[in-house]
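Asks: Below is the structure I would like to discuss, written out as structure tokens.
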There are 2 protein chains.
Amino acid sequence: MAQVLSDIEIAQQTALEPIVKIAEKVGLTDDDLELYGKYKAKISFDAIKRLSKNEDGKLVLVTAITPTPAGEGKTLTTIGLAQALNYMGHKAVVALREPSLGPVFGIKGGAAGGGYSQVLPMEDINLHFTGDMHAITAANNLLAAAIDNHVHQGNALRIDVRRVIWKRVMDMNDRALRNIVVGMGGKVCGFPREDHFMITVASEIMAALCLASDLMDLKKRMGDITVAYDLDGNLVTARQLGVEGAMAILMKDAIKPNLVQTIEHTPALVHGGPFANIAHGCNSVVATKLALKMGDIAVTEAGFGADLGAEKFMDIKCRFAGIKPNAVVVVATARALKMHGGVDKKNLQEENIEALKKGFANLAKHVENMRTYDVPVVVGINKFATDTDAEIATLRQLCADYGVDAALNNCWAEGGKGGVELGEKVLQLIAQPQTPYKPLYDVNDTIAQKMETIVKKIYGGAGVVFESKAQKQVAELEKFGLDKMPLCVAKTQYSLSDDPSLLGAPKDFTVTVKDVRVCTGAGFIVCQTGDIMTMPGLPKVPAANRMDIDENGVITGLF
Amino acid sequence: MAQVLSDIEIAQQTALEPIVKIAEKVGLTDDDLELYGKYKAKISFDAIKRLSKNEDGKLVLVTAITPTPAGEGKTLTTIGLAQALNYMGHKAVVALREPSLGPVFGIKGGAAGGGYSQVLPMEDINLHFTGDMHAITAANNLLAAAIDNHVHQGNALRIDVRRVIWKRVMDMNDRALRNIVVGMGGKVCGFPREDHFMITVASEIMAALCLASDLMDLKKRMGDITVAYDLDGNLVTARQLGVEGAMAILMKDAIKPNLVQTIEHTPALVHGGPFANIAHGCNSVVATKLALKMGDIAVTEAGFGADLGAEKFMDIKCRFAGIKPNAVVVVATARALKMHGGVDKKNLQEENIEALKKGFANLAKHVENMRTYDVPVVVGINKFATDTDAEIATLRQLCADYGVDAALNNCWAEGGKGGVELGEKVLQLIAQPQTPYKPLYDVNDTIAQKMETIVKKIYGGAGVVFESKAQKQVAELEKFGLDKMPLCVAKTQYSLSDDPSLLGAPKDFTVTVKDVRVCTGAGFIVCQTGDIMTMPGLPKVPAANRMDIDENGVITGLF
């Protein structure tokens, strides 16, 4: 029996093509690229402008059922599908999110796909890549330093140090920085106040980067960011501190999309990666729109389950970018559906048809949700070695009975070849004429109305309750005239409801909004349900502890 | 009258050569480079190994008198001299330190030379460059997170949270982070303790990078770093936390030297930039040794005045690297010497021969000091527009009377052409046969002996006093057998003594050592005199506030 290789071993066995060769395939010349080594490049805005004259390709969004610790393989499927489409003679391009360093050293590990469906060089993509995360960290923390410095130097804007909204960030899982006191040490060290670090991907600058059309738009958005309240209760913006120009200088390269390749040399744009929780969780608008110009088909992904990532993809990203997917793939696994049907994680190896049938309700709800947006849907069944034939057959039958296309894919083990069935279904769907963009709600509805629409139509709940603090915040946003923006719901990814223990497709629940705040730079309103952790911690034995590099530069333990 | 252009305007008017062309001049091929855009590249260790077979060129160290707010122009002279040597038909290469983002946005601004003696692209070098600073920040903070996580997860090593030595870093001037309390928020957020952020260049990882011979040596050094004491008073190292492999992965590219060009297309290695205070303040050993293989002459610099930067260059860097300069340039300006002679900063425009004569004592002491190391010395007079002919003539005469060569240079305004006189003097000096390496002290002397030697022979003081805390620390290092390393004195750069108000060449003073600690990763012992600020703050109007970038990507306000 063949030895099963790890992701990094498979990656290291792959002979990469020079990125200039990959670029040629999609109409880019040497002059369009800023190389970062031989296998990574940023694409210039001159090139983006030139390609903008091309006709748009078709857009395929990959989303998933409610995630479980069993793993769904969304990034894997996104890469595998694009490889499959190329294998079948089409010109497909991938547009993905950038991994964050924090999880790489924590529990989750890298986020560059897996098996024979990876983006490469996976070591670099999972580490510093082209420095986008570091640029965001620097711009975020320059703004933070400017706030405390402004207060220290006389506080002309009368910033209320009890109500500073802007937090510092670090691209590391570091729980000790979640809640801190800064400014200790007396007069030369500023005014003491409570503060918090978030992980870099949670920065509003990341969300703004991903929604911006270019550097000037990003500069404007960064200037618009609300950083604090003043002592009279007015909002203070980054522009009032005068640092949006310097922040834009720091972001001048980060705004340019990154080109890499998949294991089968499919062109891949990997750019931007906001939290799918307090932000919208999709790669950059610039990269997605460029992918549409580079290929006949652009395959992209949205974070967490379809209730979070895909809802925000449709209601935030598509609304701002003027795009709409031609097809949506909802990734499901027999294993995860068994968990939604009540099976404990440790018993997932055993066949359990009844649990699978019960758990199917979760998949059905996500399919129904995506159809609300008037987009054609196919279920992508991501094959695991332990799935039984009976389970796969049952899952196919359940999909057929429900009236949704389904395709098995084996892209981890086989790469693009393993995704041909899914590729065929996707090609059928995108051949259909596209209907107009149909968002879930009107941004001019009240915050309460918008929230109720999302809860009832997407989550399947009975209604929504705003806690008293949240009610006051809504009233304040209405007073400031800042309520006419899309909502970005921060909710547990482990349930369609706001209770992580409710698996499957729960009903009759009420969602509680605890906190409402505006992201004036990103352009959305965050409605927070439950507790959101914006700075992860390291586990007992962090992934960092198994990592090493030898004298030949060969990395081990990174996956 | 011609308009005086700013540094960034001069830089933006320069047509750069592709970095592959610059590389060709020094025997490097495309395959030896990892490009970062068209004008920056990292050099592979394979190439470094190949070039190591070349004969060594001559090494010129540029240092300076005791710095004043009037400015000396050390980096400018280093670049200008190398340009001059090339202009005169020699093959000279520059090896410089990397600027830090913090000062760029604070008061000091960029650090890439000035006028017609700059390294380019100055915008990139002054901003993210090739990401080395960010890599150090990440590696430093991964280790910090590992410490608090270890304590949180059961503290098997019994780390004493009252005695954690390792600090977090950020590449930003942010006084609010100097003294903080971390781990607030209850059980899921770790154990509360006092903590501190430093600016990234102050990280011991930066010092270790600059002294390491390659990635494996750097990994070993990072594993050796002392991070805390345990509850029994034993030292705890990074290796005991098991993260030196992951740290090395983060540093895999940062250890490779960066190649750029000067305004006159002279090859320039810009790599590493440790604090010249709590660290040794010189660019990397890897880059300096590579520069010796790339050119007939390598011109490099050391931070602050010769009592700090050059002393550490000679006693730390040369000792570890097995190198010795063939000549030393001590940079002086008439303006700064007038300040040493008692003139107030606001009156420096006026001619003052008497003050110049009085202030010359400072220059004479630095020349004397460098001769202690048995190296030939030339004074590089950096010309300012306001210097009078009489002042320059006086300074030349003072040097002649003292018995040291001197050369005027006008490299800011004229580039290499303005450095021909200095170039000629340097060529004379390096033509002399080299004497053996002669450090100031034996590392096997006691800490007290080594400190006394530095104070008496270099600073010109009468003696040294160790405060009681420092005495205990010395005894502890002796107990651990960690006292046989070179000293790295942290002292004010504004005086030869430890009192910043004593200008000129003070005598009969005593230096007080307040704190002694070991950097087991870098390989030296820091003796701290006075208060050392390892995290700068922003001024009332930070440089960041004047910066902007337009829709064509043109940056303004960065200098």
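Cβ atoms are placed via backbone N, Cα and C, with glycine included.
Pulled these from TrEMBL:
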BINDING   B:Thr68, B:Pro69, B:Ala70, B:Gly71, B:Glu72, B:Gly73, B:Lys74, B:Thr75  ATP binding site
Asks: Near B:Glu72 (ATP binding site), which residues of its own chain have a C-beta under 8 A away, given they sit six or more steps off in sequence?
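Replies: Those within reach of B:Glu72 (ATP binding site), by Cβ under 8 Å and sequence separation of 6 or more, are B:Ala64, B:Ile65, B:Val331, B:Ala332, B:Thr333, B:Ala336, B:Asn382.
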Asks: Counting other Cβ atoms within 10 Å of each residue's Cβ, which of the binding-site residues B:Pro69, B:Gly73 comes out lowest?
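Replies: It is B:Pro69 that, of the binding-site residues B:Pro69, B:Gly73, has the fewest other Cβ atoms within 10 Å.
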Asks: With H, G and I counted as helix, E and B as strand and the rest as coil, say where DSSP puts B:Lys74 (ATP binding site).
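Replies: The three-state answer is helix.
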Asks: Should B:Thr68 (ATP binding site) be counted as helix, strand, or coil on the basis of DSSP?
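Replies: The three-state answer is coil.
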Asks: Do you know which of the binding-site residues B:Thr68, B:Lys74, B:Thr75 has the most other C-beta atoms within 10 angstroms of its C-beta?
Replies: B:Lys74
